[in-house]
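Visitor: Can you read through this structure? Questions will come right after.
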Amino acid sequence: IKVATLQTKITHHNTMSYSTTTTTTTLPLCTNKSLSSSFTNNNSSFLSKPSQLFLHGRRNQSFKVSCNANNNVSGHDKNLDAVDRRNVLLGLGGLYGAANLAPLATASPIPPPDLKSCGVALVEEGVEVSYSCCPPVPDDIDSVPYYKFPPMTKLRIRPPAHAADEEYVAKYQLATSRMRELDKDSFDPLGFKQQANIHCAYCNGAYKVGGKELQVHFSWLFFPFHRWYLYFYERILGSLINDPTFALPYWNWDHPKGMRIPPMFDREGSSLYDDKRNQNHRNGTIIDLGHFGQEVDTPQLQIMTNNLTLMYRQMVTNAPCPSQFFGAAYPLGTEPSPGMGTIENIPHTPVHIWTGDSPRQKHGENMGNFYSAGLDPIFYCHHANVDRMWDEWKLIGGKRRDLSNKDWLNSEFFFYDENRNPYRVKVRDCLDSKKMGFSYAPMPTPWRNFKPIRKTTAGKVNTASIAPATKVFPLAKLDRAITFSITRPASSRTTQEKNEQEEILTFNQIAYDDTKYVRFDVFLNVDKTVNADELDKAEFAGSYTSLPHVHGSNSTNHVTSVTFTLAITELLEDIGLEDEDTIAVTLVPKVGGEGVSIQSVEIKLEDC
């Protein structure tokens, strides 16, 4: 270990314990610099290796006044638009350690992570990420202020990537090149790799709060965390080219014109290009928003139709209420990953998988794995469109509004700004993008007019000839399509009753190996002979997906148990089953079904 005598010293801990073996890795990470002045000095003796993970784990590294590399992680644990459909397709701790130690009996908001106890991240069981994902820890870690938005004279307008002109592309390439140059100092929080490591640390179990893994996916933290993440990343890029109006582009995959890798990211030799992408998906290949590791032999027109159908289901049918859109509640003291919202499930996750280099990279790097996703510049473009969906969803109306739960509003994260100053941020301060200083250039949203109307079945399936759910579940494995009948809690509901309560199809205790890809589709009023490659059917209810991820607190047992819900009020109206007491449901496994078990299924009425 080399220790430089500078104003700030850094502590790095890279130890991960397993049930069978204990591996301690000591990295030469102690070339120390002051956050206030030293990042123009490029004499660092350690350069971070390229970042990587769509998995969780633990990790440790700190920016403090000592330099130790042999601390045990367990010690830290204790401290813890209207458009013709066919024309569209054809023409188109230290940081608040007190909160981390608070009693867990009463729910409270998730605090910012304890940077001083940041731990080891895992790629998969027994395989650590080969470098630290932890950020530099500021000297004044115990007095980090809350972020205040700086004055602005005009909004930063995020453009659709496929329509960007060459002047914009040149500016974006220059900003990204300059960010990459900052990697010469591996501890510069503005460097490209350090920015990528933010995702690794927050998404792979490197942090703990309340003695449990902190995970910003699979819950209501997904949207606000990524909005703040992109906010600071965008401001850093702008500062590197002295342009405060610079705005990230968004990958407009919800419109046929944007359903391919944007050209600016597909130019070899550019700072926006990443070699670790699926080479079969380059050069204008149409993206499959339901992709889960397997190619589909489907005409391009059908893929685009499926994409728009998925967007309608995820934004409209299945997300009439905030809880379905944002994901399950995740207050302090609860287990991580309680449940995804609709957009995080699809299309967010399939876009990651489709872009990542799964044929050549064992773990789908870069985009196909949480730990490495931020190493591909297209990640930020992808998430800009995910963030845009938040604004678009609220514009649909009805009861589509932000959550009002105080535990959500007061949850916090930690970031560095473009001046290398550390800040705490709250969810409540990121609900209005314009107040944050940015907005999105408008594009048509054809999926809003893409409600599936073509029916597979004429009339109602004879549920008397189908086994009831009580005889099908528990289901040991979903290795083939299955059909069952299920009784509804109420039928022939009035408009007022529907407005007050949403009818929810609920699958309880879905268990599977969380290191594997999983996807299955759900249809109503069809049998198991349904053509599941054509999703533009009125009977298509939605899909469940899961991206491989390793829980740091459960590294030897990768069985995850989740609850999956689908809002079906609109769907029942569209296929004429409102007055039926019993309906038929069909599950069609697409990937990993042989490892999926389901304890039970029910239909509930829930307040919206």
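Using the three backbone atoms N, Cα and C, a Cβ is placed for every residue, glycine included.
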Visitor: TrEMBL pairs Cys200 with one of Cys133, Cys134, Cys203 in a disulfide bond, so which one is it?
Guide: Cys133
Visitor: Roughly how many Å lie between the Cα atoms of His199 (Cu cation A binding site) and Cys118 (disulfide bond), rounded to a whole value?
Guide: 13
Visitor: At the level of the C-alpha atoms, what whole-angstrom distance separates His217 (Cu cation A binding site) and Cys134 (disulfide bond)?
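Guide: About 18 Å separates the two Cα atoms.
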Visitor: Considering Cα atoms only, can you say which of Cys133, Cys200, His226 is the nearest neighbour of His348 (Cu cation B binding site) among these recorded positions?
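Guide: Going through Cys133, Cys200, His226 one by one, the closest to His348 (Cu cation B binding site) is His226.
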Visitor: So if I draw a 10 Å sphere around the Cβ of His217 (Cu cation A binding site), how many other Cβ atoms end up inside it?
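Guide: If we count other Cβ atoms within 10 Å of His217 (Cu cation A binding site), we arrive at 24.
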Visitor: Tell me, which binding-site residues from His226, His352, His383 are within 10 Å of Cys134 (disulfide bond) if we use the C-alpha atoms?
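Guide: Neighbours among binding-site residues: none.
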Visitor: His226 (Cu cation A binding site) to Cys133 (disulfide bond): how many Å between their Cα atoms?
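Guide: Distance (Cα to Cα, whole Å): 17 Å.
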Visitor: Quick one: Cα separation, His383 (Cu cation B binding site) versus Cys200 (disulfide bond), in Å?
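Guide: That separation, Cα to Cα, works out to 15 Å.
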